Amino acid sequence: MASLAQAALQSIEDLQAETKERHDELRRHVTEACRKMTASFAKESDQKALAMRIDEVTQRLTALKVKTETLDGRFAAFGERMDVTREVEVRGHAYTATDFTERLETAFSCTCRHRVSLRCGSDDMSSTGKTVVVQLDRSGGSQFGMHVHGANLTVCSIDTGGVAAAWNQQNPLWAIGIGDRILAVNGVRSREVILEQLSTAQVISILLLKSTTGPSLPRPFSNFSAQLARLAHEDFGLEVNAGTMEVTGLQSDGRAAMWNLNHPFQAMVVGDRLVEVNGLHGESMASLLQEALLVDMVLQRGTGIASFGTFGIRLPPGDSVGLEMNKVLEVQKIDAGSLVAKWNAENPACRLHAGDKVLQANGKATAPEILRELSASARTGLTLVVAEAERRMDVKSRQVYTFKDCQKEWLKDSEQEWASMVSADQASIPSSPHAWAVRLRRSESHGWGLTVDPKSLQVQQISDEGPMAFWNLSNASSAVLTGDRIVQVNGADQGKAMLQIMKQAAEIEMYISRDTDLGSTAHVHLLKVPGSKLGVQLNEDAVVKQVLQGPGNLVAAWNSKQPAASMRSGDVIKQAGPYTSLERIFLYLQEQQRLDLIVLRAQRRMDLDGAVLTFEECSAKHSAAAAHWATMHPVPAAPVAIATPVSYQGLQQAEEQTSDIKSYTAPRSLLKRPDFYSTLAGWQTRGPQALASEAITHDNMEIPAGSVFACPCCGRFFALTEASGVVVSLAVGPAEALSPMKAAGDSSTKDAPTVPPQIGDVSEQALPKAELQKCLYDVEQRLAALSENCEEFVEQALENRLAALAEALPPPLTSTTTIRPSCSRRLQGSAEPITRMGTPSRPTARGDLLAETEPETME
């Protein structure tokens, strides 16, 4: 067995070397093809034809990427089918099936330029969120007006006069938003093809993944890729230090400058360092820059002017750009009402700040040329490439500042204020359940229906019968309360911009944050009928002081049926119907028959005996309430309650309660479950024994008769016995109710079965000796049975792996076959000759590529 695994590892290493050699040969052929095409077209005056041929080579590489991705998927699927759980000892190391699968995938992964771009883009299509299909048509002469990040394909900004903005106005439910990610264009998911379609196609169909975290400016990569092409008599317009391979300058209107213009988030700037050119490293990179006509470079972002990233700005022709800059082209001031100020208001994710530095203007890279372009922008328009200065956020106001902004805002204490701010990366929209999105449409009579503090952006008041109040009724779990804070409006995260948008917009999407201490909200539905009463005592602030028990009390009946949305002592009624003022709330409770209440739930904690209490209930139960409250465990926040109103007819089955405080009890292990409240409800209505029996059946648990086990549903311990051939459960009580030490010293429990301790606290002192011996015996028997079949099992699994590998491998490469990684060695050690790829006689045409690749189905 060890020799077989040894041969497998050696073969995998050979495969890796062979795959690298094949891809190096492929690069040489592509470079040679470009050189031959250049020589054949050097005498022709039509340089456009040469550019088309170079584009064909680029399409070949794109098709190669699609095919290698398909091959990677085949090998990944093959590896998932092979599930070997035993370890094999080889060369002093233990290897599992996962290790072999990863090595096989590595051996057949494409290591050329396409793998570089995938590594830099970190494009994960498994993100959660809804997808929409967008149809854009610019055949009428307009532009799409949508700027897309070149690496991760996220939408960075949308021009007001473009086709994308017109689509958003006509289709608000399927609108393109900043931060959305493009999954496919015209059915193709390849990143290069998507970018090409966005640049050249007239009609496109976009599969869009809606953003779930709000827009944000893409952060700089530690490594990023750039692709440049040139003619034989041109250079790339990139000045590089041959020793350190650092970028020392860019030529205006050169190929590198044009790349920056079209890819502002991956702009090459002075200080960046080349780490790879066409897959090669070291001294050969400098010679490739001199000889090659098509280069695929990987650059490492330097620590200089662009260490915080780059972005682009496109301004239409107009009167005033509105920028004041110093000698090194750092932005000092932005005039109000200027083109840049308008850009900032419409594109908050690519907002220009004081302290940012202009790198290029319309392809010009030197300071005099940039200034000339700025002065001529009134008739030609302006496209800027900007190096971003460091951003920090003020925790109180939630506004983003650069250090220049901070110096203007706080003249004397700017350094102290800057030090107290947090990084803008750390201040993004929280993903916790205490931050959520709210969508409102302005009302002519009530506006937005809320009052906001202009400095802190905290909600001070919610108006009766306003849009905000009606949102709360329809979205109880996302209700906005006084004290909540607005952190973003339509993508803008600065206070002044958010307030301005709220003054002008007809519809807004806000992100709201809430301090965790305030608690969650729940919707309570009650229906008054003759003979029933509300059954709660409220103080003057609508805080619940006591919930009355007994038949006819609506709140008590609601609590028994809806423990996840129960109303308890300490909760606050924040809204009754569309009313939020206290006077209207109390009037609503007295006059209305059907009650829709928004309740702010006080924090719940679980006591040592399993009772879930609020602090008010803990104060009534324990004399030293504060000290005891500190020993209790917080329970999860309540989910959204979906229920019908409780009426008097639903109270007929309710029994009169003798206790003043109605508390539901459960084992403490439920706190670890994500479905805490639903399991708690099942615990109350069905009992622990029924839940344990159902868990045994549902999970196909194999439990020997007479053993003790912990129920995976509720966490309590049970003992199993066998009666009439049917396994039944016999409860031995909650784990926290009785300890072995107490059982040993209590004569009343001498004959009772000993209760094991809580999960996670099993030890020799805690478990009975007989039970430990039985468990040890069972483990030894299973290990003995497994060791007998271990060698045969592993050998058979490896043979299955070899068979599947042989089926998954593509045919050997020839001059007429599709380019893809191949393998010609078997894992048993016998080697076959390696088929070499011949020099292609002609570049593959685009039609041939389309014929070879099947179109992908649009999701």
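Including glycine, each Cβ sits where the backbone N, Cα and C put it.
Keep in mind that this is a model prediction, so the values were computed, not measured.
The following features are taken from TrEMBL:
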type: DOMAIN; residues: 133-207; note: domain 'PDZ'
type: DOMAIN; residues: 225-292; note: domain 'PDZ'
type: DOMAIN; residues: 296-375; note: domain 'PDZ'
type: DOMAIN; residues: 437-516; note: domain 'PDZ'
type: REGION; residues: 813-859; note: region 'Disordered'
How does the domain 'PDZ' (133-207) divide up by DSSP, counting helix, then strand, then coil residues? 21 helix, 24 strand, 30 coil
Count the residues of the domain 'PDZ' (225-292) that DSSP assigns to helix (H, G, I), to strand (E, B) and to coil, and report the three numbers in that order. 19 helix, 19 strand, 30 coil
Restricting to the domain 'PDZ' (225-292), report the mean pLDDT as a whole number. 86
Quick check on the domain 'PDZ' (437-516): DSSP residue counts for helix, strand, coil, in that order please. 22 helix, 28 strand, 30 coil
